[in-house]
Ligand SMILES: CC(C)=CCC/C(C)=C/CC/C(C)=C/CC/C(C)=C/COP(=O)(O)OP(=O)(O)O
Ligand SMILES: O=P(O)(O)OC[C@@H](O)CO
Ligand SMILES: [Mg+2]
């Protein structure tokens, strides 16, 4: 028998693939789980034509994670995608799960351990599962993900390791490449890396970490990034979504 998610029609994956320059707002349920705050974010995101909500964090309790997703689903039609920091961060209310393997690291716990611990639960969620090569690139500050996973990111100036990791990720069957400079990164992922990756692979690309300006979004869109993730900037300044609205209208 096929696992249930294989019978689903890859709706979110197809949507990722369909366009470049899509925007995902990252909600970290550890900081943002109150109805009133989520309501404000949802309203402004809908106005800005945001494409997805990603939900996750490096240290989130299951209860906050599941409540946050349930609230988002009750407020909006914008797809809600799980971006889990660990195997506790699962909910059956979401639209899809980024099934992350932390390929930039060499910690077996984040390559297979977390997956084994949650395998049956994931199968029973009966939602779209998107195998994702998760690749950390040095963003100039130690990121929570690097700390929590006890791994080192790929050095920023070594595009050859990053490219080879991406190729290996696709050869291993991942369908999406997520390059992350880490939450609150000083330097976001260089568009030149994405350009190089796109010259070798047709894969869907997601980029996040330290994206705080429309110029960065535009640069990343220009080289073919499918989804650009913005977290901290919106936590600090929700009106950045007005700029996003402007950007979306003119691009
Ligand atoms: C198999 C399942 C269910 C999960 C996989 C779990 C794995 C392998 C995760 C990869 C490593 C990891 C810890 C990813 C975290 C991704 C994430 C949600 C980052 C957001 O970081 P923040 O939590 O916003 O950072 P701050 O704590 O600085 O806010
Ligand atoms: O919070 P920021 O810096 O936007 O980072 C987003 C995300 O990709 C981190 O995992
Ligand atoms: Mg965060």
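In case you wondered, yes, glycine gets a Cβ from its N, Cα and C as well.
Over in TrEMBL, the protein carries these features:
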- 28, 58: Mg(2+) binding site (BINDING)
- 178, 179, 180, 181, 182, 183, 184, 209, 210, 231, 232: sn-glycerol 1-phosphate binding site (BINDING)
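Rounded to a whole value, the Cα-Cα separation of residue 184 (sn-glycerol 1-phosphate binding site) and residue 58 (Mg(2+) binding site) is 13 Å. Counting Cβ atoms from all protein chains shown, residue 178 (sn-glycerol 1-phosphate binding site) has 27 others lying within 10 Å of its own Cβ. DSSP classifies residue 184 (sn-glycerol 1-phosphate binding site) as coil under the three-state reduction. Checked against ligand 1, the binding-site residues 28, 178, 182 give 28 in sequence order as having a Cβ less than 6 Å away from one of its atoms. For ligand 2, the neighbouring binding-site residues among 58, 184, 232 are 184, 232, by Cβ distance under 6 Å.
Rounded to the nearest whole angstrom, the C-alpha distance between residue 232 (sn-glycerol 1-phosphate binding site) and residue 28 (Mg(2+) binding site) is 9. Cα distances from residue 58 (Mg(2+) binding site) to the binding-site residues 180, 182, 210 are smallest for 182. Note: residue 180 (sn-glycerol 1-phosphate binding site) has non-local neighbours 134, 135, 136, 137, 143, 145, 189, 207, 208, 209, 229, i.e. same-chain residues 6+ apart with C-beta under 8 A of its own C-beta.
Sparsest Cβ environment among the binding-site residues 182, 184, 210 (other Cβ atoms counted within 10 Å): 184.
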